[in-house]
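Peer 1: Have a look at this one before I ask anything.
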Amino acid sequence: MEPKERELAFGTDGVRGVANRGLLPEDALRLGLAAARRFGGTVVIGRDTRLSGGMLSSALAAGVASGGARALDLGVLPTPGAAALAARLGASAAGVVSASHNPYPDNGIKFLSGEGRKLPQRTERELERLARDPFPERPVAGGVGRVEALEDAPEMYAGAVLGALRPEVPGLRVLLDCANGAACAVAPRIFRELGVQLTVVGDAPDGTNINEGCGSTHIERLEVAGHDVAFAFDGDADRVLALDERGRVVDGDRIIAILARDLKERGRLGGGAVVTVMSNLGLLKALESLGIPCEVTPVGDRHVAEAMLRVGASVGGEQSGHIIVAEHATTGDGIVTALALLDVMARTGRSLSELAGVMEVYPQVLVNVRVERDGGAGRVAASGTVERAVEDARRELGERGRIVLRPSGTEPVVRVMVEHEDEEVCRRVCERVAGVVSREGGGG
């Protein structure tokens, strides 16, 4: 039997769990009530296509109304769509029910500010504290909030996107994979408005097939033959990966390089680009050779977004395809990113394969080392033995490579990532350091 009051903790992308087991409707109600107490006003609520989405978004809306705020249900809509409409409608916050690229039994709840941006961690901690209060004072009579639906939310979001970015690409042959997720509600109509020759797959959501053998996590399954470009979204459409006309993957690193170079050439670069420590070394080298300032952050779209605001960067993101194009979006938006790429193709007359040549991808080896010693991954990574092994590796790799050691924040794992021009050197160094980490972590 479930305990009456469970601890709700925000991770890197909201509160997550298996729906109806690790994440209950009661949890959603408590989070909605906490949001009403923290933000007031109107909280817009969007969701992806998971079977549990209606259940959890209804409970979230009930919590918001119980706290005296107005809940505006956007229905199935990409996360960046909820962000954009929160800002456009003057909402105090946006709530999104989604587990992104995870399988359908999982779900999650995250919040964005009224400006459509990631919440600071201190605000999430405040929501956690408010959600722990089992019996807050609640309004009655006329103080109870309303739950309303915005039926034309997809049309409003599509209009906002096309009003900001409308590449001239009539006749271009485009393949879209909507991951049987939130992109289905809006991406096809946006691309058809552009007059492209459109093929759409992953556009038959049934509540259980989101991300199943489709979308950005399975982009290698797409058959791009007969198309000029393909785009694959994740479940809530805040990321996108591309395939060029030859069927080669254009990941987030290459997309950032393409967009950053174009922005620089047009004098719209601002404070440069923001990437993470796990971005490919080839991206860092490419940006340096182009004279583009680059800020490197820890992994996580929150860190990227905060750094972009701090330095005034125009583009930033992660290899996974979670990319923020600051001129057109406040958070990662797969559809906006795809349109920005099409815009570069249209203005330059170059194919995506030509544009992707802006950077050379360095061979990369990543090993996840499970640790068993008390103190967890952080203590193992900071041990003198491991630090000496990392320093030895840095000396061997020199200017032609690098090593990144990153303890996981969610599991007892240390990630060892090595990049080098020579793949054999890359593999050898990574395996050696991973062995040291394993022995230090009690793995033998």
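Quick reminder: no glycine exception, Cβ is built from N, Cα and C everywhere.
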Peer 1: Given that Swiss-Prot lists Asp234, Asp236, Asp238 as binding Mg(2+), which residue among Ser66, Ser92, Ser100, Ser383 does it place in the same site?
Peer 2: Ser100
Peer 1: Find, for the listed binding-site residues Asp234, Asp236, the residue with the lowest Cβ contact count at a 10 Å cut-off, counting only other Cβ atoms.
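Peer 2: Per-residue Cβ counts within 10 Å for the binding-site residues Asp234, Asp236 bottom out at Asp234.
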Peer 1: For the C-alpha pair, I'd like the distance in angstrom between Asp234 (Mg(2+) binding site) and Ser100 (phosphoserine), rounded off.
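Peer 2: Rounded to a whole number, the Cα-Cα distance is 6 Å.
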Peer 1: Around the Mg(2+) site formed by Ser100, Asp234, Asp236, Asp238, list the extra residues of the same chain whose Cβ is within 8 Å of the site's Cβ centroid.
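Peer 2: Same chain, not in Ser100, Asp234, Asp236, Asp238, Cβ within 8 Å: Asp48, Pro78, Thr79, Ser98, His101, Gly181, Ala182, Phe233, Gly235, Ala237, Arg239, His322, Gly332, Gly334.
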Peer 1: So, in DSSP terms, is Ser100 (phosphoserine) helix, strand, or coil?
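Peer 2: Reduced to three states, the DSSP call for Ser100 (phosphoserine) is coil.
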Peer 1: Give the residue from the recorded positions Ser100, Asp238 that has the most other Cβ atoms within 10 Å of its Cβ, counting over every protein chain displayed.
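Peer 2: Answer by Cβ density within 10 Å: Asp238.
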Peer 1: To the nearest whole angstrom, state the Cα distance for the pair Asp238 (Mg(2+) binding site) and Ser100 (phosphoserine).
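Peer 2: Approximately 8 Å lies between the Cα of Asp238 (Mg(2+) binding site) and that of Ser100 (phosphoserine).
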